[in-house]
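Just below is one structure, and these are the notes that go with it.
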Amino acid sequence: MDITIVNHPLVASRLTLLRDERSDNAAFRAAANDLGAMLIYEASRDLEVEHFDTKTPVAMAEGTRLKQPPIIVPIIRAGLGMIDPALSMIPDAQVGFIGLARDEETHEPVPYLEALPQDLSNQPVFLVDPMLATGGSLLHAIRLLADRGATDITAICMVSAQPGVDALAESGLPVRLVTATIDPGLDENAYIVPGLGDAGDRLYGPRNIDL
């Protein structure tokens, strides 16, 4: 599996703000928005482009555009925080949705929503979720995408844990990973250590319903 860890001073500074327990919801969202855009930028590096003629106020020039913009697929709830930065970088991208909640006892994903194109063959997919912990949710989502024909899937995560990275690598699924960091492990509740806490709660406040 191809893994890209984005090593950049601005990435590190935003990651620090996300980790800091003093960052309130607004500060966390702002840092996540910045970091999300940086990760999308890096993930887009190898997308196919096409060239065309464009006219400047002075002369003709060669223009460049994406040949096929990716579909952005957030894993709800926390992945919603990565839609705006993704669309700011790729405004003509489509957006799909996968809803997964975590069972706090088993730590397994519980699906509750799937809104995706029926056919994803020959379509680049950016699967976005701030956290890659055990890998359970991401693997469930990747299998849904693969079942619809996706073979070009990029998982974009702000913080990844080594056990989740290992699970992805061992799955044999068609995925590459772009992340800001790989943390060493998980605690007894399957939270990333040192991590940044519950990304969904820190983006939007505590969830007050059970799914």
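Glycine is no exception: its Cβ is also placed from the backbone N, Cα and C atoms.
Source: prediction; values computed, not measured.
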Of the residues ASP2, ASP198, only one is listed by Swiss-Prot in the 5-phospho-alpha-D-ribose 1-diphosphate site with ARG77, ARG102, ASP129, PRO130, MET131, LEU132, ALA133, THR134, GLY135, GLY136, SER137. Which is it? ASP198
With the cut-off set at 10 Å between Cβ atoms, which of these binding-site residues ends up with the most neighbours? Options: GLY135, GLY197. GLY135
Candidates ILE192, ASP198, ALA199 (binding-site residues) passing the 10 Å Cα cutoff around ALA133 (5-phospho-alpha-D-ribose 1-diphosphate binding site) are ILE192
List which of the binding-site residues ILE192, GLY197, ASP198 have their Cα within 10 Å of the Cα of ASP129 (5-phospho-alpha-D-ribose 1-diphosphate binding site), in sequence order. none
By Cα-Cα distance, the member of binding-site residues ARG77, MET131, SER137 nearest GLY197 (uracil binding site): MET131
